[in-house]
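According to TrEMBL, the record shows the following:
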- 91-111: transmembrane segment (TRANSMEM)
- 92-498: domain 'Major facilitator superfamily (MFS) profile' (DOMAIN)
- 131-151: transmembrane segment (TRANSMEM)
- 181-205: transmembrane segment (TRANSMEM)
- 258-278: transmembrane segment (TRANSMEM)
- 316-334: transmembrane segment (TRANSMEM)
- 354-373: transmembrane segment (TRANSMEM)
- 385-401: transmembrane segment (TRANSMEM)
- 407-427: transmembrane segment (TRANSMEM)
- 447-467: transmembrane segment (TRANSMEM)
- 473-493: transmembrane segment (TRANSMEM)
Amino acid sequence: NKQCVTVTSCFSAQGHFPSVSQHGSCAHSWADSLDKARVNDCTPTGKERNSLREYAHCLPLGDGDDTLEPSAIDTARLFPLMETRLYKRRWVMLFIFSAYSMSNAFMWLQYGIISNIFMRFYSIGTLAIDWLSMIYFLTYIPLILPVMWLLDNRGIRDVVVVGSAYNCIGAWIKTGSADPSMFALTFFGQFVCSVATVYILGIPSRLASLWFGQQEVSTACSIGVLGNQLGIAIGFLVPPILVPNVDDMDELAHHISIMFYISAGMATAILVLVVIVFQEKPEIPPSQAQAQARNMQPDEYSYTASILSLLRNKPFMLLVVSYGLNVGCFYAISTLLNRMIIEHYPGEEVNAGRIGLTIVIAGMAGSLICGIWLDKTKTYKQTTLAVYILSLTGMLAYTFTLNLGHLWVVFVTAGVLGFFMTGYLPLGFEYAVELTYPESEGTSSGLLNCSAQIFGIIFTIAQGKIMDYWGTLAGNIFLCIFLLIGTVVTGFIKSDLRRQKANQQVEVQTVSVSTTVCVT
């Protein structure tokens, strides 16, 4: 007679089953191997699964710089292979978010790129006009922690809906400020729009992780960042066209009003789209890492503990500093670009906008290429360091060619600068997620952006003052020094790609197999 028994075991790294004898002693051999399998079982029990960070070691993954260094995930007991699926509507979610981000970024720069016109219209000084841009940075710093909490506890849909509402309300407030006496109202409207920014900047990496697979997550994050960059590009290009530098104040007020109403109409349409179409997450997770994250019990996650864990993560904190230095320089250049160009090329407001457009369009290409490159190679540290060095090189070229008197040279050097400096944005987000997994993507992105806002304020004010006293050359050299510091800091970041290890370990080792063992 035959006795059939069903067993479930883990593949070894080579994919073999536990050995079972084909003769009469197979029952004893099978029992021995089953006992061993229970001892070395790769799948944690409910009592053992306190959190993703507390699993016991199951299988190390090699010894290289990017994928093979020891980490918290190396000591993890792993989930069995889980069902994953990619939905076509993930691209719709990404497009809607990108449109929302684009609208908000446009309203950030609609004052700064024609700062000389608004200074004359509202009868204000350079510092006041700069604060219409810097209010975006300042608002972010105190609000990022509560918004990150909201993202972790209420989900991405609620955050995107609330942010879209703030963006729409702020845009409509500004429609009533097209009058020389209404600077306070336009500043308040800009403040409301700046609150919406807090609900935007941490979303790309979170959205990519929730909806996109392992081989496309970096590309998706890059596209999410592209939406913001496209808004900046439109903010450089459109305001100088819609608001020409005319002497008649009534005509100027009319042009400003048209720009504000266009902004408000776009923000309203995007809000309606977000409310009707945007979804929280797919029914089935897109990757093994996301499947593991979903299996965490709510009481296993502590927001405060997550923040403290990130603050103790030395590689991540180095990235926070280097990211803040790079993006802070970009914010300062974007805010002060009009003043830089007008100083050397008077009357070239439209070309100042076109130079800004060149910076961002080149940066969009850089972001997309870097995202695709990361998905193909997973060389996060090497790519981030190379792009940082090239950002410094581009900044040096821009600095020492700005005053040569040839606008076409400025266009070329600005394009090189934008390709690498703006292309760095999604690299920082994705590298942070790798270094901090399984912590929330929104939390890590939020801390990166908080650093960028702080440095953005410091650099914008400092460079503005330096330009007032010593000119644009000294101001740009000031930024070059900090980009050099950021490059050195990036070189000291220890690459520990935890998310990649989680995906690889699950796929290689923990395929759960059911087989029938027959005993004669």
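The count begins at 1 with the first shown residue.
Quick reminder: no glycine exception, Cβ is built from N, Cα and C everywhere.
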If I count Cβ-Cβ pairs under 8 A between the transmembrane segment (91-111) and each of 131-151, 181-205, 407-427, 473-493, which range comes out on top?
181-205
Look over the recorded stretches 258-278, 316-334, 354-373, 447-467 and say which has the most C-beta pairs under 8 A to the transmembrane segment (473-493).
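Checked against 258-278, 316-334, 354-373, 447-467; highest Cβ contact count belongs to 316-334.
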Where, among 131-151, 181-205, 258-278, 354-373, 407-427, do we find the most CB pairs under 8 A to the transmembrane segment (447-467)?
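By Cβ pairs under 8 Å, 131-151 leads among 131-151, 181-205, 258-278, 354-373, 407-427.
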By a Cβ-Cβ criterion of under 8 Å, what residues six or more beyond either terminus of the transmembrane segment (258-278) are in contact with it?
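Same-chain residues near the transmembrane segment (258-278) but 6 or more away: 92-93, 96-97, 99-100, 103, 106-107, 110, 157, 160-161, 164-165, 167-168, 170-172, 174-175, 177-178, 238-239, 242-243.
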Return the stretch with the most CB pairs under 8 A relative to the transmembrane segment (354-373), choosing among 131-151, 316-334, 407-427.
407-427
So which residues does the transmembrane segment (131-151) touch in its own chain, when a touch means Cβ under 8 Å and the partner is 6 or more beyond its ends?
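Here the qualifying positions are 108-109, 111-112, 118, 158-159, 162, 186-187, 190-191, 193-195, 197-199, 201-203, 206, 303, 307, 331, 334-335, 440, 442-443, 446-447, 449-450, 452-454, 456-457, 460-461.
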Counting only residues 6 or more past its boundaries, what in the same chain has a CB within less than 8 Å of a CB in the transmembrane segment (407-427)?
204, 218, 221-222, 224-225, 228-229, 323, 326-327, 329-330, 333, 341, 345, 348, 351, 354-356, 358-367, 369-371, 374, 380, 383-384, 387-388, 390-391, 393-395, 397-398, 401
May I ask for the residues of the chain that lie six or more residues beyond the transmembrane segment (316-334) and have a Cβ under 8 Å from a Cβ within it?
109, 112, 133, 137, 232, 310, 340, 356, 359, 388, 391, 395, 417, 421-422, 424-425, 428, 431-432, 435-436, 444, 447-449, 451-456, 458-460, 463, 479, 482-483, 485-487, 489-490, 492-493
Determine the mean pLDDT over the domain 'Major facilitator superfamily (MFS) profile' (92-498), rounding to the nearest whole number.
87
